[in-house]
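Here is what Swiss-Prot records for this protein:
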COMPBIAS  70-84  compositional bias 'Basic residues'
COMPBIAS  162-179  compositional bias 'Low complexity'
COMPBIAS  180-192  compositional bias 'Basic and acidic residues'
COMPBIAS  247-259  compositional bias 'Basic and acidic residues'
COMPBIAS  341-356  compositional bias 'Low complexity'
COMPBIAS  358-367  compositional bias 'Basic residues'
COMPBIAS  368-384  compositional bias 'Basic and acidic residues'
DISULFID  Cys320-Cys323  disulfide bond
DOMAIN    31-156  domain 'CoV N NTD'
DOMAIN    215-331  domain 'CoV N CTD'
MOD_RES   Ser190  phosphoserine
MOD_RES   Ser192  phosphoserine
MOD_RES   Thr378  phosphothreonine
MOD_RES   Ser379  phosphoserine
REGION    1-32  region 'Disordered'
REGION    29-160  region 'RNA-binding'
REGION    46-84  region 'Disordered'
REGION    121-194  region 'Disordered'
REGION    226-333  region 'Dimerization'
REGION    238-259  region 'Disordered'
REGION    326-409  region 'Disordered'
Amino acid sequence: MASGKATGKTDAPAPVIKLGGPRPPKVGSSGNASWFQAIKAKKLNSPQPKFEGSGVPDNENFKTSQQHGYWRRQARFKPGKGRRKPVPDAWYFYYTGTGPAADLNWGDSQDGIVWVAAKGADVKSRSNQGTRDPDKFDQYPLRFSDGGPDGNFRWDFIPLNRGRSGRSTAASSAASSRPPSREGSRGRRSGSEDDLIARAAKIIQDQQKKGSRITKAKADEMAHRRYCKRTIPPGYKVDQVFGPRTKGKEGNFGDDKMNEEGIKDGRVTAMLNLVPSSHACLFGSRVTPKLQPDGLHLKFEFTTVVPRDDPQFDNYVKICDQCVDGVGTRPKDDEPKPKSRSSSRPATRTSSPAPRQQRLKKEKRPKKQDDEVDKALTSDEERNNAQLEFDDEPKVINWGDSALGENEL
């Protein structure tokens, strides 16, 4: 039985969640991490979880008599200025006799431990399930057939049939039942004119609200793949990934606003409706190969036709007008307001203000070195922090409905 012998392992999920199949392995491992993904508190200092049913995650490999264990609190932090900042706790499930509290019997009282058992479970028995080695095995998606945790907690929904190379976005189980917010209706955009941009921005908002997690390492990998396979990660500018915007040649799409906001700009997702898929680009393009001193250059010429009776035709035209050769420009509704006359009027001898008194300069305290900050974190906490790069709650903006279908993008 693998308990606390392993070192360097943690409850934190692997940097990239990979699912190898619908069932967790029957054989234990040498790691000390939970087989299952975590449930996460929505707020700091949330009370310990309560469950509608037994609280034991579904596992078809176990008999009913073996369905018992405990949920263990994992404190989480992210680095701040000179100190670490706490974030809401995560709770991980372990079978009785495994994990960090392997020496406890079922029901033993200990802070940060919540015992759970299915009806008919033999709580006096100890599990041979072991724990997970994150380097060898994937996390198993949480499923509760008889009810999950209370409303103070959430967990990321992961499809059971997703393979290791599959793509999906993790969706917050709590977010799926929330009604859309109406706050975005107060914005400047209204009517059908900007339906396309509104729908595109809503898709981005939904993806963020559903909790897609991208680590710092994954974002860097996305931005530095082979050029033709790159995608813009959250928080990156367009020119950081695809180079400066130009006019009249390759790289001529995007105005200054789009360059700064990257994928947060709703126009990006809107225009992706018109971008060909990989297969369409390969088999529907005029392909021109050309040998150059630095290698083989492949040119793909593809034409997407937007019918004039398309309900979003005018919006596509508007975006193209703004973004094709748009470097150095911004949308009219995004231009900064001109300063008032009083502030823009040149100063004269009669109107010049009296010189201000010089404030005493404060002595600059030497900043704490990075190694001093790092000393405040344990090795387990550092590994946890690696997962928190994009773990903050996204800003929820409801841009309204539009004419686009749900699955067009």
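Glycine too: its Cβ is placed from the backbone N, Cα and C atoms.
Since we're looking at a predicted model, the values are computed, not measured.
Looking only at the disulfide-bonded residues Cys320, Cys323, the densest Cβ neighbourhood within 10 Å occurs at Cys323. Summarising model confidence by region, the region 'RNA-binding' (29-160) averages a pLDDT of 87. Long-range contacts of the region 'Disordered' (238-259) within its own chain (CB-CB distance under 8 A, at least 6 residues past either end) are made by residues 223, 227, 230-232, 265, 267-268, 271, 322-331, 334.
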